[in-house]
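So that you can see what the record holds, here are the features copied from TrEMBL:
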- 98-119: transmembrane segment (TRANSMEM)
- 104-277: domain 'Amino acid permease/ SLC12A' (DOMAIN)
- 131-154: transmembrane segment (TRANSMEM)
- 166-188: transmembrane segment (TRANSMEM)
- 194-215: transmembrane segment (TRANSMEM)
- 235-252: transmembrane segment (TRANSMEM)
- 258-277: transmembrane segment (TRANSMEM)
- 388-677: domain 'Amino acid permease/ SLC12A' (DOMAIN)
- 398-418: transmembrane segment (TRANSMEM)
- 438-459: transmembrane segment (TRANSMEM)
- 538-556: transmembrane segment (TRANSMEM)
- 562-583: transmembrane segment (TRANSMEM)
- 595-620: transmembrane segment (TRANSMEM)
- 691-803: domain 'SLC12A transporter C-terminal' (DOMAIN)
- 820-1046: domain 'SLC12A transporter C-terminal' (DOMAIN)
- 940-968: region 'Disordered' (REGION)
- 940-955: compositional bias 'Low complexity' (COMPBIAS)
Amino acid sequence: MDYRILRWLGVEIKDVVSDGNPRESSPFINSGAATSADKSLQYDGKNMALFEEEMDTSPMVSSLLSSLANYTNLPTGSKEHEEAENNEEGARPSKKPLGTLMGVYLPCIQNIFGVILFLRMTWMVGVGGVFGSFIIVFMCCSTTMLTAISMSAIATNGVVPAGGSYYMISRSLGPEFGGAVGICFYLGTTFAGAMYILGCIEILLIYIIPQAAIFKIEGLEGPEAELALLNNMRVYGTIVLSFMSLVVFVGVKYVNKLALLFLACVILSIVAVYAGVIKTAMDPPVFPVCLLGNRTLLSKGYDVCAKVVETDNETVTTQLWRTFCDSDSLDATCDEYFTSNNVTEIQGIPGVTSGILAENLFGNYLEKGMFLEKRRVASEESADSPPTGANRYVMADITSFFTLLVGIYFPSVTGIMAGSNRSGDLRDAQKSIPIGTIAAITTTSIVYMSTVVLFGACIEGVVLRDKFGEGVNGNLVIGTLAWPSPWVIVFGSFFSTCGAGLQSLTGAPRLLQAIARDGIIPFLRVFGHGKDNGEPTWALLLTGCICEIGIIIASLDAVAPILSMFFLMCYMFVNLACALQTLLRTPNWRPRFKFYHWALSFLGMSLCLSLMFICSWFYAIIAMGIATCIYKYIEFCGAEKEWGDGIRGISLSAARFALMRLEEGPPHTKNWRPQILVLVSVDAEQNVEQPRLLSLANQLKAGKGLTIVGTSVQGTFLDNYAEAQKSLRKLMETEKVKGFPQVVISSNLRDGTSHLIQVGGLGGLKHNTVMVSWPRNWKQPECHQQFRNFIEVVRETTIASLALLVPKNISSYPSNGERFTEGHIDVWWIVHDGGMLMLLPFLLRQHKVWRKCKMRIFTVAQMDDNSIQMKKDLITFLYHLRIDAAVEVVEMHDGDISAYTYEKTLVMEQRSQILKQMHLTKNEKEREVILTVRLIHGRTASSTPASPTSPASPTDGAERGQTGANPEAVTCRPVDVRRMHTAMRLNEVITKKSKEAKLVLLNMPGPPKNRVGNENYMEFLEVLTEGLNRVLLVRGGGREVITIYS
């Protein structure tokens, strides 16, 4: 390959690689950063000389296929950080890719089974009943199953890198939805860490080492005991959170190595529960529960479940007697309920064959402070005597109801994203993710549903409702059922919750880091940084702080509904993403997983939304509010990303539908709004010459609608188009104009502008108004073509029935940052234009620049008009239009045309003659110059001004006759004199009334039908607007644009 070509290629490659634009990780075009020398060696001698200039953008098929085959995109999760830490210690052999079992199924099992199963499942069955609990479990498991089906479709539609659900949602629904739901998923994962830590502390302080409590609960009752428990949870929770954060900070590899141990604890605990259920059928364990009447007694309040016992033929009172009576003597004064009811002992685990299922079938919801009572047991209670000795009975610690149970239970079915988060580590992600995830959900759903039935069939109802096992010697209720010992469940659940907490503190910072590195939320960018190996230090710090909020709440039952909201919102948008992609039928939607349908996704989305409000309407509104705020923040302040998301597909479909509807007919007057085509000109460097035109267009857009910023550039398409398009876009961003740039390249500016007016817009969404700046230096000979082009624009808009706005002195118009604190917008309504003059100032006053200006409307009355009646009619008209404006009728009487008017008309004619010479032959120019000089000399020497009735003197006629010139060459035609007279009179009145106005709007006269009087037309407009600072000339489009009707 030629050295010059190589050098040129090197420059081009450098430009491509270092342009600074972020790109998606892709194995396709421009994914490598090869040097020019590498490129030349790669393509040299391969018969590709014909395509060598396109190699940068169109690689060879062989290199493309090689890139595809070797494409890997590992998630920026725990794997890389572990490998980075291992690399510091020395080279390690690369790990083999994971299969379905180790890569998806077991991680999902570990994440789904959690603290709720061990600490709250039995309580939920006891309070909600087997039937109600089964409904809750079925709803939640169905929601996750439908979400897993949708997630499988999305995950098998390409590679899912780091971020899991965040990545899937953001690439399917766009950065706004992705960022909002990603933050919600992050908050859910963070609060899940708090919930697992609280569960860990609850197991430690209540079931393993109760003596370790810093705030002693013994002897306290009611709110004091509850507060002491919560304070213990806060202190120990903060300690455990600090320790776990330190472990994650020191090295995530230790967390990953312990993951298998934690998983083994979970599986062993569940197996122990099923083994215990089988054992109850043959030999139920002995866990007696003592009842007084039908109330459950605290096990620490008695040594023997009896009031008195016989010892050596002597009746002796027990500890229970001393608890309810004022002394241990038989004649002591005792609690009335204690005296009236008998003490009975029942079996806490009667066994699966006992028939207790029928008693536990329906719910028994409790108010806070109510006694746990056994059904179908007689109890004598005096209505007059208040309950005493509340610390002697097992009581409900919270008020329970169905929706609370849903909120507390739902976190136990989350964790279904564990497989998709590891897609980079899988041998075949598109096969493993659907199979592993759905199999894990099926397994856990079977376990949950079966345990609901088995708990109800094996355990006594009062024991099920005993949340902390206070009636069974402080044992974990599910542990009482386990075999061979309750400690299997206690220690298994303890290590399980520790592992789940570590996993949450490991995953949440990496999710936040993935969001921060995407750059869609500017204020989170600092959390994208970390240690040299990529460890998200700052993200871990924020996660620990947010997690501490959950620790301060201190109640597992209060934290669980919070994270339920965030997970449900995340799952809802996963279902929405799948439904959207399926209904839109985008060409890129080709999932390998085929067992999905938009109706299933829609059902899953509806279930998620319903469960959010079932759990807690208050938390649901807060979660949606957080997501909405993040969405709007990303929309206005976030980085613009093009990820080919479904929202763009919706926009395209909606735009097509709307355009087809617009084709059905023109819009009603009530829906009319200015769809503006702004015609701007660019200089030699492709910079816009009138940037304030865009400011004015932006200030008019209170009525919304379409804005097209168009320019015509003379030259060739290859040389000029890209630069002009870039210049327009940059200016539109600066002026905050929401619209579309359109550049037309033509051999001459006149044709290009005409093409813009003709073909701008699409279908029914076309411009109905053209805005063009007044040609400022039109009188100068070099600008002769400029004002001719302007007049042609006026003619073309008239023929096309388009409204026309011509701002004069555009450089003096305010920018978008300026403010008028006072002043007037004056409308001079001379001829009816369909209401444009009324509508435009109303739209302007919606903008902050013009908001403080008041509106005045002037109209002109002739001699035969009743000015008083005109004013009344105009006030009535404005009242019906709902426009607030002052009204004034200006009377203009017919007056004689002054000599000055005639002289000004003559000078105008003379200028026209001079301009015509630019297009004459050499002989014609000489002849016309001689004639013009003589005429001007004769006019100046004459001492008597000509009258309108005899505009030309005999001397002039003689001279014209002698030279043989055209009689109309410098003759002031009566029609021109009248027009000049009108322009001067109107200008005099307008200047008198509106000299200090911030803006003057007035009707723009139409252009002459023939092109002979173009120069005169410009002169008339110049005279009409002379002495006014800001003038907006307006021509209507031939239709009504404002109406008095609703």
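Each residue's number is its place along the chain shown, starting with 1.
Every residue gets a Cβ built from N, Cα and C, even glycine.
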Let me spell it out: take the transmembrane segment (538-556), skip the flanking residues so only those 6+ beyond its ends count, and list any with a Cβ under 8 Å from a Cβ in it.
115, 119-120, 187, 190-191, 193-195, 197-199, 202, 230-231, 233-234, 237-238, 241-242, 245, 248-249, 505, 508-510, 512-513, 516, 526-530, 562
Under 8 Å between C-beta atoms and at least six residues away from its ends: which parts of the chain pack against the transmembrane segment (258-277)?
106-107, 109-110, 113, 117-118, 285, 352, 447, 451, 454, 458, 478, 481-484, 488-489, 491-493, 495-496, 498-500, 502-503
What parts of the chain pack near the transmembrane segment (562-583), using Cβ distances under 8 Å and only residues at least 6 beyond its ends?
143-144, 146-147, 149-151, 153-154, 157, 165, 168-169, 172-173, 177, 181, 184-185, 187-188, 191-192, 195, 406-407, 410-411, 414, 550, 589, 596-598, 601-602, 604-605, 608-609, 611-612, 615-616, 619-620, 622-624, 627, 646-647, 649-650
Within the same chain, the residues 6 or more beyond the ends of the transmembrane segment (131-154) and with Cβ under 8 Å of it are 124-125, 160, 165, 168, 172, 361-363, 402, 405-406, 409-410, 412-414, 416-417, 420, 433-434, 437-438, 441-442, 444-445, 448-449, 452-453, 456, 568, 571, 574-575, 577-579, 581-582, 591, 593, 595-596, 600-601, 603-604, 607-608, 611
Spatial neighbours of the transmembrane segment (438-459) far in sequence, C-beta under 8 Å, 6+ residues away
100, 104-105, 108-109, 112-113, 117, 121-122, 125-126, 129-130, 133-134, 137-138, 141, 144-145, 148-149, 152, 270, 273-274, 277, 280, 348-352, 354, 356-357, 360-361, 412-413, 416, 419, 477-478, 480-481
Counting Cβ pairs closer than 8 Å, which of 166-188, 194-215, 235-252, 595-620 has the most of them with the transmembrane segment (398-418)?
595-620
Positions on the same chain near the transmembrane segment (98-119), where near means CB under 8 A and six or more residues out:
195-196, 199-200, 202-203, 259, 262-263, 266-267, 269-270, 408-409, 411-416, 418-419, 422, 425-427, 431-433, 435-437, 439-441, 443-444, 447-448, 451, 476, 478, 489, 492-493, 496-497, 499-500, 503, 556, 560
Please determine whether the transmembrane segment (235-252) and the transmembrane segment (595-620) are in contact (criterion: at least three Cβ-Cβ distances under 8 Å, sequence separation 6 or more).
no
Using DSSP, how many residues of the domain 'SLC12A transporter C-terminal' (691-803) fall into helix, strand and coil, respectively?
59 helix, 22 strand, 32 coil
